[in-house]
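What Swiss-Prot records for this protein:
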type	residues	note
BINDING	Thr10, Gly11, Gly12, Asn124, Ser183, Gln283	UDP-N-acetyl-alpha-D-glucosamine binding site
Amino acid sequence: MKFALTGGGTGGHLSIAKALAIELEKQGIEAIYLGSTYGQDREWFENSPLFSERYFFNTQGVVNKSFFKKIGSLFLQAKAAFKAKEILKNHQITHTISVGGFSAGPASFASLLNKIPLYIHEQNAIKGSLNRYLSPKAKAVFSSYAFKDKGNHVLTSYPVQNAFFDCARTRTEIKHILFLGGSQGAKAINEFALLNAPKLTKQGIKITHICGSSAHERMRFFYQELGLLDKVELFAFHNNIIEVMHRADLCVSRAGASSVWELCANGLPTIFIPYPFASNNHQYYNVLEFEKENLCYVVPQNELLPKKLFEVIRKLNQKDDQGNKNLTTISTKLQQKIAKDGAKTIIETILNA
């Protein structure tokens, strides 16, 4: 028995691949990885001991491109698919798991050509174009969101690494705020952090700001101009996001699915600013259920005024009918919403199929 994991591009997809790879390793099952040279796949897995072999194809996405660029991207995908077909055959792969993203294309299609059972994890509440096409052809589609077209869909807990649960805690007071722009940074969140930093630090609230590598020097300059560089923990990227989340009492974040569920597992109340240009507005739908259950605050990017942060802080400090702070109630309920061992459930479901 040997698995192939494929897909990625961004940290959200790749964190799922990592969680599944860790579970396969625990169960003593060998796995290889197939991704792309474009995006973050190499950064995550080029030297990862979780995989016996790693392959990166020269591929790019097709969505939101001009006609001729789409043709070029499809040609690269097709070329890579035939390479992937040989790789899967040579490794005698028995199961393929796609975590989505454009880099999942070649190995997913190669698996279908080789008649290898294909399993898909759909991380978002709205399916991406590749998963929409491949879902009917897959053995099963795992997701933490309920889809209307149930078919071969399996509802599971999100495959969050156990460390996020292990470092969870119930928040009782807002002493530390984390501004989290995602793996690629977020200009709107960066500016929101800068505008609120003077008042927050004046009130004695600590700030950790992960701004993305492209904005790091600029953010450093602005904090220095504000005289706050020594009062703000500023990072382009942080290797231990679990520890950073654990220390925070409130988070401001995009609404990529992996971030949403990791914050949930950690019990960290969050203000979500969905990326407005995400395909099919999927980031908004990722947190819609949370918002309906009063487990988060959602602020559209075009309404992101500095006063919004303090409005939310004020609401979180108010007490509910039982005399508990809303902050504490939300933190407690978040930890109850997601079950541990989502990755284990997915792997065992596949093995028992």
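Yeah, the Cβs are placed from backbone N, Cα and C, and that goes for glycine too.
Following the DSSP three-state reduction, the secondary structure of Gly12 (UDP-N-acetyl-alpha-D-glucosamine binding site) is helix. In this structure, Gly11 is the one among the binding-site residues Gly11, Gly12 with the smallest number of other Cβ atoms inside 10 Å of its Cβ. Other Cβ atoms within 10 Å of the Cβ of Gln283 (UDP-N-acetyl-alpha-D-glucosamine binding site), summed over all protein chains shown, number 27. Listed binding-site residues: Thr10, Asn124; maximum Cβ neighbour count within 10 Å falls on Asn124.
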